[in-house]
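In Swiss-Prot this protein carries:
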type	residues	note
BINDING	S15, K16, S17, T62, N87, D103, Y222	shikimate binding site
ACT_SITE	K66	active site, proton acceptor
BINDING	G127, A128, G129, G130, A131, N151, R152, T153, H154, T155, K156, M220, G244	NADP(+) binding site
Amino acid sequence: MTDRYAVFGNPISHSKSPFIHGQFAAPTQESLTYEAILAPVDGFEASLTAFFNAGGKGANVTVPFKEQAFALCDSISPEAKLAGAVNTLSLLADGTIRGDNTDGLGLVADLIANLGSLQDQRVLLIGAGGAARGCILPLLNAEIAQLTISNRTHTKAQLLVDIFTSVDNGAYASKVTAVEMSELAGEFDIIINSTSASLAGELPPLPAHIITTQTVCYDMMYGASVTAFNQWALSQGAAKAIDGLGMLVGQAAKSFTLWRGVEPDTQVVLTLLRDKLMAEPK
């Protein structure tokens with residue numbers, strides 16, 4: 001029997017998820033289909049219910065439904081709880097829905113694939129939206145030395161710090177801080193841009209001196225050409241600049257493993273996806 005999976009979003013026609021999961025399924029001999037479903041902005045719950053009633057086993061969720069999906073879950077993972085959003089839904093044997101957030105796990109997996117280890121790294125996270133919030137716990141669990149969060153609106157960055165310093169009886173309190181962009185100083189091993197500024201060819205207002213020849217920069221956005229943030233980082237002398245395509249594949253792999261109990265080969269699929277992206281009409 002072929003199991004059915006999908007990704008829900010609005011818009012959704014641009015989604016790479018059907019291609020990614022199709023590539024995961026073939027070599028692992030998993031019998032499944034995976035489709036993109038456009039849900040009405042005011043009709044996500046009805047669309048999801050219809051999907052599960054028709055035999056759907058699990059689903060990914062993207063903009064703008066991640067918070068709505070969170071509210072529909074009967075149980076959630078620690079990552080999803082702290083992110084306040086889910087991107088992966090699983091219909092369990094008892095008919096309940098479990099929610100996970102694999103975005104941050106995908107980010108960490110891609111960083112480790114590129115850098116080897118995140119242990120004792122000093123990390124600067126730019127942005128304080130949902131993308132940033134979803135990756136904080138996985139970064140901390142990767143045993144980084146320090147996480148600095150900086151955002152155009154400082155109060156939003158401080159709010160994230162307050163949330164995560166209260167986790168596990170303050171276990172992370174000494175590791176997470178919020179700093180105004182204009183007051184950023186010192187050196188960072190890794191700088192992660194979680195904002196969508198690159199999609200518009202724009203940059204967060206960052207001081208150039210935070211980039212050194214040892215700094216690795218990571219933009220969660222991606223495209224056929226180098227993103228605006230990564231162009232800027234390289235022009236300032238960064239050691240390396242990585243885009244978010246590997247994060248996309250990584251989070252999909254974590255979802256696939258949750259559903260199927262099989263770990264797919266992400267690097268092969270990442271290469272195929274990169275080639276596909278480069279071949280698309282500009």
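Cβ coordinates come from backbone N, Cα and C, glycine included.
Feature annotations (Swiss-Prot) mapped to structure.
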residue	record	DSSP (3 states)
S15	shikimate binding site	coil
K66	active site, proton acceptor	helix
N87	shikimate binding site	coil
G127	NADP(+) binding site	coil
H154	NADP(+) binding site	helix
Y222	shikimate binding site	coil
Here the binding-site residues are R152, H154, G244, and the Cα closest to that of K66 (active site, proton acceptor) is found at G244
Among T62, N87, D103, which are recorded as binding-site residues, the nearest neighbour of G127 (NADP(+) binding site) by Cα | D103
Per DSSP, D103 (shikimate binding site) is which: helix, strand or coil?
-> helix
Max CA-CA distance, Å, over listed shikimate-binding residues S15, K16, S17, T62, N87, D103, Y222 = 19
Give the distance between the Cα atoms of T62 (shikimate binding site) and A131 (NADP(+) binding site), rounded to the nearest whole Å.
-> 11
Out of the binding-site residues listed (G129, R152, H154, K156), which are within 10 Å of D103 (shikimate binding site), Cα to Cα?
-> none
Among the recorded positions K16, K66, R152, H154, K156, the one whose Cβ has the most other Cβ atoms within 10 Å is K66
Cβ neighbour count (within 10 Å, all chains shown) around G244 (NADP(+) binding site) = 25
Three states by DSSP: which one describes G244 (NADP(+) binding site)?
-> coil
Most Cβ neighbours within 10 Å, among the binding-site residues G127, G129, goes to G127
Looking at the binding-site residues S15, K16, S17, Y222, whose Cα is closest in space to that of R152 (NADP(+) binding site)?
-> Y222
